[in-house]
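Quick look at what TrEMBL lists:
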DOMAIN    66-127  domain 'Spo11/DNA topoisomerase VI subunit A N-terminal'
ACT_SITE  Tyr95  active site, O-(5'-phospho-DNA)-tyrosine intermediate
DOMAIN    176-346  domain 'Topoisomerase 6 subunit A/Spo11 TOPRIM'
Amino acid sequence: MNTTQVMEGIENVAVKIAKQVLAKQGFQLEIPSRSASNQVYVPELDRIVLGDKTGTRSFLNVKESRKSAITTRVLQLLHAVLLKRIHITKRDLFYTDVKLFVDQSESDGVLDDVATMIGCTRSNLHVVASDKGLVVGRISFFEDGDFIDCTKMGVGGKAIPPYIDKIENIQSDAEFILLVEKEAAYMRMAEDRFYQRYPCIVITAKGQPDVATRMFLSRITSELQIPVLALVDSDPYGLKILSVYMSGSKNMSYDSASLTTPDIKWLGLRPSDLNRYDLPDQCRLNMTENDIKTGKELLQEAFIMKNPKWMKELQIMVKTKQKAEIQALSSFGFQYITEVYLPRKLKEGDWI
């Protein structure tokens, strides 16, 4: 949706509220449910989407009156932001009326409610998260009119902008995208300029993926039509991070179409790599009971079950009760990951 359409959506809600108030009925809002029971995994789309259930929020209901007031205030603030054609952060939104919101979780939750009501994405509302992700390598684009060449952004690369809608004319001669869980591994590749020897784009969200990084990855993958190879820790949480990139998160299922990248290949660090690359025993970590429980739960997840090779790797992890971090490869040398591990993986086509 463009800005004008989103503004019209907010105005339509405001008109409905006004009519109810003038009729001395108070007012009631109908909002799509974001509860866990309304989060649906659709195999054909390979992502989590919001179901058809809706709920109501009534100003005349004592338990809902404050939430209703917060909702109307957020609608008012968002309309003002869109009218000025500016972007704000979720924190900015909270501080515009601290007395009413009290806690940022209140304004954050209502923000998502408004997006589902209007039928748009959070970015359509011009509300963004703070910068977190980084990108370096063979990609260039215009960001709000400024030319950005990610091979010339210094050792640290370029912060992934929260204003994805302001990125235009994406160009790249990369053959693949390397999605890296940890910032330390990303920095090794950036400093060694790995992308010069192997034409690629390197991206990290420094752990749990943020909205901007997920949206950026989804967009460039769609436009460039090149594969995504993932490098994550060999533990259940590395796979959970991959699941967010691939299938989406439940709290933002309403925006899954622009936030997911379904066909990501698992390059490493895989459980079978621990023996294949003779990782020293002291670099292998024993899985906790919670790790094992999470691993067994993942074996029941659709994104794992549809890939027999992923199932086999996870079964190795759960059976051996061993995990390892990407940085464990540094036990062979600081540049082992860029000089030996990744080159061998790429040469052998060792991804699943």
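Every residue number used here counts from 1 along the chain in the order it is shown.
The backbone N, Cα and C atoms fix where each Cβ goes, glycine too.
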Run through the domain 'Spo11/DNA topoisomerase VI subunit A N-terminal' (66-127) and tell me, per DSSP, how many residues are helix, strand and coil.
47 helix, 3 strand, 12 coil
What residues, ordered by sequence, lie under 8 A Cβ-to-Cβ from Tyr95 (active site, O-(5'-phospho-DNA)-tyrosine intermediate) and sit at least six positions away in the same chain?
none
What is the average pLDDT across the domain 'Topoisomerase 6 subunit A/Spo11 TOPRIM' (176-346)?
92
